[in-house]
Amino acid sequence: MNPESFAAGERRVSPAYVRQGCEARRAHEHLIRLLLEQGKCPEDGWDESTLELFLHELAVMDSNNFLGNCGVGEREGRVASALVARRHYRFIHGIGRSGDISAVQPKAAGSSLLNKITNSLVLNVIKLAGVHSVASCFVVPMATGMSLTLCFLTLRHKRPKAKYIIWPRIDQKSCFKSMVTAGFEPVVIENVLEGDELRTDLKAVEAKIQELGPEHILCLHSTTACFAPRVPDRLEELAVICANYDIPHVVNNAYGLQSSKCMHLIQQGARVGRIDAFVQSLDKNFMVPVGGAIIAGFNEPFIQDISKMYPGRASASPSLDVLITLLSLGCSGYRKLLKERKEMFVYLSTQLKKLAEAHNERLLQTPHNPISLAMTLKTIDGHHDKAVTQLGSMLFTRQVSGARAVPLGNVQTVSGHTFRGFMSHADNYPCAYLNAAAAIGMKMQDVDLFIKRLDKCLNIVRKEQTRASVVSGADRNKAEDADIEEMALKLDDVLGDVGQGPAL
């Protein structure tokens with residue numbers, strides 16, 4: 001309602017009441033105006049009424065919501081189901097144009113504004129999380145793997161002779177396939193074991209660059225957040241190597257935005273060396289549905305080149321989800337979530353260590369991994385190879401999701417490349433182990449339930465192993481008795497034959 005509408009309302013309802021309602025609306029509009037002027041995430045989160053007012057105001061700016069609109073094109077924002085329209089707050093046109101995912105759509109001013117505001121808020125939050133010198137970013141409606149592929153395809157035009165991507169090994173399929181899908185050959189650099197941790201082999205990286213030739217290498221593809229006992233790559237050292245050899249550097253920061261340590265590594269890497277782009281998942285860092293990622297970097301023209309590489313328009317759903325989430329939380333709400341995640345990591349580490357010791361296991365020492373933990377399974381794996389896999393299945397059927405039981409000796413072929421010791425990030429890690437991670441949104445009751453159910457599962461597995469050992473021992477005893485009996489019978493036969501020798 002505009003001032004004229006309020007004035008008209010005063011003729012029907014007491015002016016004092018109408019003015020009070022007008023002031024209340026102005027409070028909502030003030031928050032919206034500040035957002036549009038500053039382009040920053042508000043310190044305090046909005047309530048739902050402000051959010052819905054803002055989204056409604058944006059939606060009515062799109063041509064499909066114009067009163068009396070006559071559409072005669074092939075894409076006019078028509079929706080058959082009213083439920084689908086409500087699900088998307090009537091934002092039907094998506095974002096971008098055929099030549100650029102960040103471009104403005106003439107038919108969809110509201111959706112275009114939503115896209116611009118979302119990208120601005122996300123940039124603000126990346127700075128809040130620790131990468132203060134980030135220059136540009138945009139939300140792309142693809143998960144991390146395909147977003148990495150988009151980065152590699154953009155680099156293809158800048159390095160036409162390149163055919164290889166240097167990649168310190170991490171046993172996760174999508175990041176490997178992202179390189180293959182882009183048409184490049186991943187050069188896998190095995191990690192080195194330092195204590196319990198698997199760390200970047202810097203000498204091997206540099207040796208491979210010299211062997212292949214820098215001009216034949218598209219980029220170095222490094223990783224921050226990962227499953228223990230692997231830890232984030234040595235980003236500062238890798239960034240220096242990339243700067244020295246003039247090789248682009250793309251960082252897979254899938255769920256690292258929630259970790260101040262991972263973000264500090266990226267900030268420092270960009271300060272001392274070269275980082276061209278870093279990619280993070282929306283669902284892993286902002287607790288929204290799967291399907292979106294943020295591509296960010298320190299050189300605005302290069303990030304714009306990546307956005308122009310995206311063919312066609314794109315879904316606005318991931319942008320809408322993260323916009324609603326950030327406006328609901330505000331900076332203070334998101335900072336609180338980051339703080340709670342750190343506290344949960346310490347709590348999970350303490351509880352898992354106690355449980356490990358109670359079962360004659362130990363928590364692997366991985367101080368450079370700020371999110372994931374690992375507990376040895378030596379006492380289980382020593383009895384039976386399948387016991388580790390069985391433990392993982394038991395946890396899943398008892399509604400424990402996210403835990404990974406990693407046996408020794410797994411062999412997996414991904415896009416033609418065979419990984420030995422798959423899931424453990426190394427050909428021959430010393431022991432089987434169980435992973436658990438303290439990611440954003442985890443609560444204390446999640447940790448308590450996990451520890452309780454893991455304890456029960458470990459006890460069940462051990463009882464079954466003990467029973468199997470007893471049965472196996474009994475079978476061996478029976479077999480030995482049968483062998484003795486058989487030998488006795490044969491001896492009797494021999495003696496009988498001797499006693500029945502021919503008469504003289």
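Glycine too: its Cβ is placed from the backbone N, Cα and C atoms.
Checking Lys163, Lys208, Lys284 against Swiss-Prot, you find N6-(pyridoxal phosphate)lysine recorded for Lys284. Check Swiss-Prot against the ranges 1-44, 441-484 and you find region 'Tetramerization' recorded for 1-44. Of the candidate binding-site residues, Ser98, Gln105, Arg313, Arg398, Lys463, the one lying closest to Ser14 (phosphoserine) when CA atoms are compared is Gln105. Between the CA atoms of Arg75 (pyridoxal 5'-phosphate binding site) and Arg271 (tRNA binding site) there is a gap of 45 Å. When Cα-Cα distances from Arg398 (tRNA binding site) are compared across the recorded positions Arg97, Gln105, Lys284, the shortest belongs to Lys284. Cβ proximity to the substrate site centre (mean Cβ of Arg97, Ser98, Gln105, Arg313, cutoff 8 Å) flags the following additional same-chain residues: Gly94, Ile95, Gly96, Gly99, Asp100, Ala103, Gly312. Here Arg97 (substrate binding site) is compared against the recorded positions Arg271, Lys284, Lys463, and the shortest C-alpha distance is to Lys284.
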